[in-house]
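Participant: Checked Swiss-Prot, it gives:
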TOPO_DOM  1-328  topological domain 'Extracellular'
COMPBIAS  13-23  compositional bias 'Low complexity'
CARBOHYD  N37  N-linked glycosylation site
COMPBIAS  41-57  compositional bias 'Low complexity'
COMPBIAS  60-210  compositional bias 'Pro residues'
COMPBIAS  231-246  compositional bias 'Pro residues'
COMPBIAS  254-275  compositional bias 'Pro residues'
COMPBIAS  276-305  compositional bias 'Low complexity'
CARBOHYD  N278  N-linked glycosylation site
CARBOHYD  N319  N-linked glycosylation site
TRANSMEM  329-349  transmembrane segment
TOPO_DOM  350-762  topological domain 'Cytoplasmic'
COMPBIAS  372-407  compositional bias 'Polar residues'
DOMAIN    430-706  domain 'Protein kinase'
BINDING   L436, G437, E438, G439, G440, F441, G442, R443, V444, K458  ATP binding site
ACT_SITE  D554  active site, proton acceptor
Amino acid sequence: MTTPAQAPREEVSLSPSLASPPLMALPPPQPSFPGDNATSPTREPTNGNPPETTNTPAQSSPPPETPLSSPPPEPSPPSPSLTGPPPTTIPVSPPPEPSPPPPLPTEAPPPANPVSSPPPESSPPPPPPTEAPPTTPITSPSPPTNPPPPPESPPSLPAPDPPSNPLPPPKLVPPSHSPPRHLPSPPASEIPPPPRHLPSPPASERPSTPPSDSEHPSPPPPGHPKRREQPPPPGSKRPTPSPPSPSDSKRPVHPSPPSPPEETLPPPKPSPDPLPSNSSSPPTLLPPSSVVSPPSPPRKSVSGPDNPSPNNPTPVTDNSSSSGISIAAVVGVSIGVALVLLTLIGVVVCCLKKRKKRLSTIGGGYVMPTPMESSSPRSDSALLKTQSSAPLVGNRSSNRTYLSQSEPGGFGQSRELFSYEELVIATNGFSDENLLGEGGFGRVYKGVLPDERVVAVKQLKIGGGQGDREFKAEVDTISRVHHRNLLSMVGYCISENRRLLIYDYVPNNNLYFHLHAAGTPGLDWATRVKIAAGAARGLAYLHEDCHPRIIHRDIKSSNILLENNFHALVSDFGLAKLALDCNTHITTRVMGTFGYMAPEYASSGKLTEKSDVFSFGVVLLELITGRKPVDASQPLGDESLVEWARPLLSNATETEEFTALADPKLGRNYVGVEMFRMIEAAAACIRHSATKRPRMSQIVRAFDSLAEEDLTNGMRLGESEIINSAQQSAEIRLFRRMAFGSQNYSTDSLTRNSYISKDENL
């Protein structure tokens, strides 16, 4: 019985020669599998199938070709054979002829192992495999064992090459992920080669034989110990040290059936058989094959089993070049996108800056004349005592709540933005108890903010026709105006079609109240002069020192608020423009305010700074006379204060008799000079010709002179000259000549002439 066993072993060695075609891919795997093949034949003889092996050698030669054409179909049938009679087919194919080769396999494996080790390092191994066939006959037994190793390789090769080994015949070429395909079709003979790394190339060639090879793996487990002794263990050990550690760890796992599941779920049945065989011998040889396999499989996928090693480097270079190109393309695209984004951001920033500039110039139209159609002839005098009959049209469909955005503060800061609900709470629901008064633009309510600050809330009747943006621009311009004689704005509110302005609360009411309210003690002369001077300063600031210039358009005594010390504050400046821009309809009821309107406004509809000057002249007449601008209680023809005062003003300037004009409440408790100056100022302000009216700055200087001491020291104009004018003119000419250097004059002549002039004057 022992002799027949030996015979099959020899036949196994010969079978490799017949299976030379697979050797093309075997260069890397041969070293790893000679031992495996030897072991497999030993197990096969144990099965007692030597006669069948003789028949299989012939079959083994054609199978390598068939795998190229259609490896998947052939591997699929072997799977059943593996499960059923794997040992019979395997011993039949390799062992019949190689009775002499047993010694050779032992010798050949060493060369095969060295050959296998170099191929992983360099691509040239393909030629050596062709030369190695003589030696490979010994290693050829490895191919039967190769199919078993493949099941293990998929885990290691899946990253670089595993797909290539199954792909080389037909499936590995299309995609690197072909292993799944082979796993379903063959019993894992094709797919496992990639995991085994080295066995994978031979497996690609053997795919035709895998039925028999796959069957071999099942019997090898018992025979493997013998084969390990035959192939040089040192060669097998060499591969193990290099990178086999991971593969070896996998090998122990492979002896157990888990490795096949790793390869694929379909081939677990065939895989268990190869796994035991692989665990016995290949573990040592497989590590080198694993090292070699990574380069070889990709090449097999590209060309075939013949060009596995050389093709691998090329695909690697192609991948590197393609990856470099892709990286460059990505970098270029990213740079282009970044540039596009930067340009878009720049365009947006420029647009925003331009829009801000446009908004900043919106408030510059305060000086523009108001069209005649926008108001009736009597509208100027009733700007703050008008009622809007037009429907309130809102350009917002939903309530908007605004919270305070900035603190009230210095010049250039934005006002606070209040919510409507906040103002409702502050004014106690805009109750009548908090009502301070009603003007042409709406009612004014007293309110207390959460920080206990007292404010005056003005509900504008202008509605929402202007639009939020325009209204905000106007309010922002008004809120930037700060002067000690101007009422500062605290904030505003926009809610649907509601427009509200919030001002500092002034507790001492207004000038109209103190002059004309019943039961009031009236104002003394000093207080009246103080109020007139303060209002003049505030109005002059709006006309000349404010940018953009603001025309109040509604100067009257009710818009001059008084603090507790009777410090005058001009209020409601700029609101007339808001109303006119919103096309607010002005009612015809102008009683009490009609007398402030300038005559040119009624005739031409134009408003200028001189229109405010005329209105301020009417306020001065109120302070002087204590009468209302329009008083229906006066006799017919004397209802208008301006028309009644004109003849009296001219008479007072000529005769300096002020009794007819002075307020009866004053009696004679006034300073004559100050009364005269105030009468002159009032007469100049109410002139019919707008061009002949003084500027507000001139009126301010006139009031300032009332408080200053006489700079003339009691001397009349012309009496202060103590030097001869002729002599003085001569000295001036001399200085001019000296300055321009036209002629040379000595200083002696200048001093001599000056002394002479002094002596003459004495």
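The backbone N, Cα and C atoms fix where each Cβ goes, and this holds for glycine too.
What's the neighbourhood like for these features in this structure?
Facilitator: Looking just at the topological domain 'Cytoplasmic' (350-762), the mean pLDDT is 76.
In the three-state DSSP scheme, E438 (ATP binding site) is classed as strand.
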Participant: Per DSSP, V444 (ATP binding site) is which: helix, strand or coil?
Facilitator: strand
Participant: Compute all pairwise C-alpha distances among L436, G437, E438, G439, G440, F441, G442, R443, V444, K458, the residues listed as binding ATP, and give the largest one in whole angstrom.
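Facilitator: Largest pairwise Cα separation, rounded: 14 Å.
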Participant: Per 10 Å Cβ neighbour count, which of the binding-site residues G440, G442 ranks highest?
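Facilitator: Selected residue: G440.
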Participant: Provide the number of Cβ atoms within 10 Å of the Cβ of D554 (active site, proton acceptor), excluding the reference atom itself.
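Facilitator: D554 (active site, proton acceptor) is surrounded by 31 other Cβ atoms within 10 Å.
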Participant: Under 8 Å Cβ-Cβ from V444 (ATP binding site), six or more apart in the same chain: what's there?
Facilitator: L435, L436, G437, E438, A456, V457, K458, Q459
Participant: Taking 10 A as the limit, how many CB atoms besides its own sit near the CB of L436 (ATP binding site)?
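Facilitator: Around the Cβ of L436 (ATP binding site), 17 other Cβ atoms lie within 10 Å.
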Participant: Rounded to the nearest angstrom, how far is the Cα of G440 (ATP binding site) from the Cα of D554 (active site, proton acceptor)?
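Facilitator: Just about 10 Å between their Cα atoms.
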